Amino acid sequence: MAAEMHRPARSCVSTMTALLVVTILSVMAAGEVSALQTGFYASSCPKAEETIYSTLQQLHANDPDLPPVLLRLHFHDCFVRGCDGSVLLQGSGTERTAPVNGRLEGFGAIDAAKAAVEKLCPGIVSCADILAFAARDSVKMVGGPGWEVPAGRRDGTVSLASEASSNLPGAQMDVNQLTANFGKQGLTRDDMVILSGAHTIGEAACVHIDNRIYDYPSPSGVDPLLPKDFAAKLKKKCRERGSTKRKFDLDSGTSATFDAQYYKNLAKRTGLLTSDQVLYEDARTRPLVLESSNNANFFPKFTQAMVKMSQISTLEGSQGQIRQRCGYVN
C-alpha cells in the first residue's frame with residue numbers, strides 16, 4: 001500500500017496548509033480550542049492531584065454525602081461564566097447567594113484541598129482546577145469511573161448571583177428547555193442526558209417534587225406517571241408542600257453508589273424530578289436512556305461528557321489569577 005501513495009503537488013500542499021490554518025483560526029475564534037492539558041502540574045506541583053484526592057478521601061470518611069455535593073458544585077460553577085471557580089467566591093451578590101444555589105455545599109472541602117496543595121506548591125494550583133479534580137475524585141470514591149482531567153484553568157474574579165439564576169437548568173424543565181439550556185454551554189442533547197446521570201448520587205429538597213405529588217393537574221394532584229405505591233412513599237417522605245428542609249434521594253435504588261441505576265429508575269418511571277423523568281418520556285432521548293442503563297455503556301460516556309463540560313469557557317494563560325484563598329479574589 002505504501003508504494004502506491006504519491007506526494008501531493010507543492011501547490012496542493014500550500015492550499016491544504018492554508019485551509020488548515022483558516023480552520024484552526026476559525027475554531028479558535030469560536031472559543032472551541034482549549035490549552036488545558038492532562039498532567040498540567042506534573043512539573044510545577046507533581047503531587048497536586050494525589051494530595052487533593054487524599055484530602056477529600058479523609059473528609060469523605062466522616063461525611064458520606066460529600067461526593068454528590070462536590071460534583072454538583074463543579075456543575076454549578078461551569079454553567080455560570082465557565083469553569084473558573086466563580087461559584088466559590090464569597091460576598092454580597094455573588095453566585096453563592098443566588099436562590100438557585102441556596103443548598104450548595106462543599107466549600108469547606110475545597111478550601112481544605114486548596115490549603116493542602118498550597119503547603120506543597122504556593123500559588124500554583126487554581127481553585128477552578130481543584131474543583132474539577134474534586135468532581136472526578138468524588139465519582140471515583142463512590143464506585144464510579146476515574147478519568148484524566150485536563151488542567152490549567154485560572155480563577156475568575158467576577159461572580160454574580162443574577163447570572164446563576166439565568167444560566168442554571170431548572171428541575172421542571174422539559175427536553176426542549178434542557179437542550180436549549182445545555183446548548184448555551186456548547187453541550188449537545190446527548191451530553192445533557194449523560195450528565196443528568198450524575199443524579200445517581202445525591203439528594204434534593206422536597207419542594208422540587210411538589211409539582212409531581214401535590215400540584216399536578218389531575219384529580220389527585222399526583223403525576224399519573226408515578227407508580228401509586230412509589231407516590232405514596234414520596235408523600236410520606238415529603239409530608240407537606242414547599243419543604244426545603246426535608247430531602248429525598250435522587251436515585252431511590254442505590255443512592256450512595258455511582259452507577260447506571262438512575263436510568264433504570266427512569267424506565268420504571270421512578271425518576272424524581274420532572275427534568276429527569278422527561279428524558280425517558282421523550283422519544284428523542286429515550287433511546288440513550290435505555291442504552292445507558294448499564295455501567296459498561298454509561299461510564300465511558302459520562303467521563304467524556306465531564307471532560308467536555310469541564311472545559312466550558314475556561315480562563316487560561318495570563319487570564320484571571322491563581323487565588324490564594326478560593327473564597328476571595330487576591
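Cβ from N, Cα, C; glycine included.
Per TrEMBL, the feature substrate binding site maps to Pro169. Taking Cβ-Cβ distances under 8 Å and a sequence separation of 6 or more, the neighbours of Pro169 (substrate binding site) in its chain are Phe79, Gln177, Leu178, Asn181, Phe182, Ser275.
As annotated by TrEMBL, Ca(2+) 2 binding site applies to Thr200, Asp251, Thr254, Asp259.
Annotated disulfide bond per TrEMBL: Cys45-Cys121 (among others), in sequence order. Sequence-distant contacts of Cys121 (disulfide bond), defined as residues of its own chain at least six apart whose C-beta falls under 8 angstroms from its C-beta, comprise Tyr41, Ser44, Cys45, Ala48.
If you look up TrEMBL, you'll see Cys78-Cys83 (among others) marked as disulfide bond.
The feature disulfide bond is assigned by TrEMBL to Cys127-Cys326 (among others).
Per TrEMBL, disulfide bond is recorded for Cys206-Cys238 (among others). Cys206 (disulfide bond) counts 24 other C-beta atoms within 10 Å of its own C-beta, drawing on all protein chains shown.
The signal peptide annotation in TrEMBL covers 1-35.
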| remark: Same-chain residues at least 6 positions away from Cys83 (disulfide bond) with a Cβ under 8 Å from its Cβ, in sequence order, are His74, Asp77, Ala128, Leu131, Ala132, Arg153, Met309, Ser310, Gln311, Ile312, Ser313, Thr314
| task | Determine the Cβ neighbour count for Cys326 (disulfide bond): the number of other Cβ atoms within 10 Å of its Cβ. | result | 22
| remark: Across the disulfide-bonded residues (Cys45, Cys78, Cys127, Cys238), the Cβ with the fewest other Cβ atoms inside 10 Å is that of Cys45
| message | Say we define neighbours as other CB atoms within 10 Å of the CB. Which of the binding-site residues Asp251, Asp259 has the fewest? | response | Asp259
